[in-house]
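Enquirer: According to TrEMBL, the protein carries these features:
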type     : residues                                             : note
BINDING  : ARG41, SER49, LYS166, GLY167, ARG168, PRO169, HIS170 : 3'-phosphoadenylyl sulfate binding site
DISULFID : CYS149-CYS161                                        : disulfide bond
DOMAIN   : 30-186                                               : domain 'Sulfotransferase'
Amino acid sequence: MPRTLEGQITMEKTPSYFVTKEAPKRIYNMSRDTKLIVVVRNPVTRAISDYTQTLSKNPTIPSFQALAFKNVSTGLVDTTWSAVRIGIYAKHLDNWLQYFSLSKFLFVSGERLVSDPAGEMGRVQDFLGLKRVVTDKHFYFNETKGFPCLKKPEGSSRPRCLGKSKGRPHPKIHGQVIQRLQEFYRPFNMKFYQMTGQDFGWD
């Protein structure tokens, strides 16, 4: 990480930190004052989105159902598949809480980031001790992508929107598959709500 002067904030992001076993200890050893922002979304939707991204790069992979279950007839979920494992947020948070207190975390709802981007960004700015500069006036909803985008920044010729890999249509997944995954995640979601003191409304 670069040196950070008084009055500056250095930020870095990667989706893999939260689910990497060694990450909390390494970050704690680097700086125990680090503030941690975790964006979470419904783990079933997240798994389907993860699969969709992989499918776009490798169209020959097995079906979502074949990867999600060890045994389709019994409904035994395959937790070794990363798309499923990542959504067990309570398990990952347990690992982080061995090094960081809950006060060091802000959990951002991926769903609210889409439905109310300014509201969620307000929470982020408050958490970081920043003045609320990013507001409703900075966003517009892109109908094609189905996501909010940043309006044209000063000195730029066009608005900022999520890249091509975001907002692509998901493949059709059988309702029973989704229902079984919802049942699988429910106890983990409930534990996560208890741990964070936030109900994300995924059930």
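Heads up, residue numbers simply count up from 1 along the chain you see.
Backbone N, Cα and C define each Cβ position, glycine as well.
Mind mapping these onto the model and telling me what they sit next to?
Expert: The Cβ of CYS149 (disulfide bond) has 19 neighbouring Cβ atoms from other residues within 10 Å, across all protein chains displayed.
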Enquirer: What is the number of other Cβ atoms found within 10 Å of the Cβ of HIS170 (3'-phosphoadenylyl sulfate binding site)?
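Expert: Cβ-Cβ neighbours of HIS170 (3'-phosphoadenylyl sulfate binding site) within 10 Å number 12.
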Enquirer: If you draw a 10 Å sphere on the Cβ of SER49 (3'-phosphoadenylyl sulfate binding site), how many other Cβ atoms land inside?
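Expert: Total other Cβ atoms inside 10 Å, all chains included: 18.
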Enquirer: Quick one: which of these binding-site residues, ARG41, SER49, PRO169, HIS170, have their CA within 10 A of CYS149 (disulfide bond)?
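Expert: Close binding-site residues: none.
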Enquirer: Measure from the CA atom of CYS161 (disulfide bond) to the CA atom of SER49 (3'-phosphoadenylyl sulfate binding site) and give the result in Å, rounded to a whole number.
Expert: 18
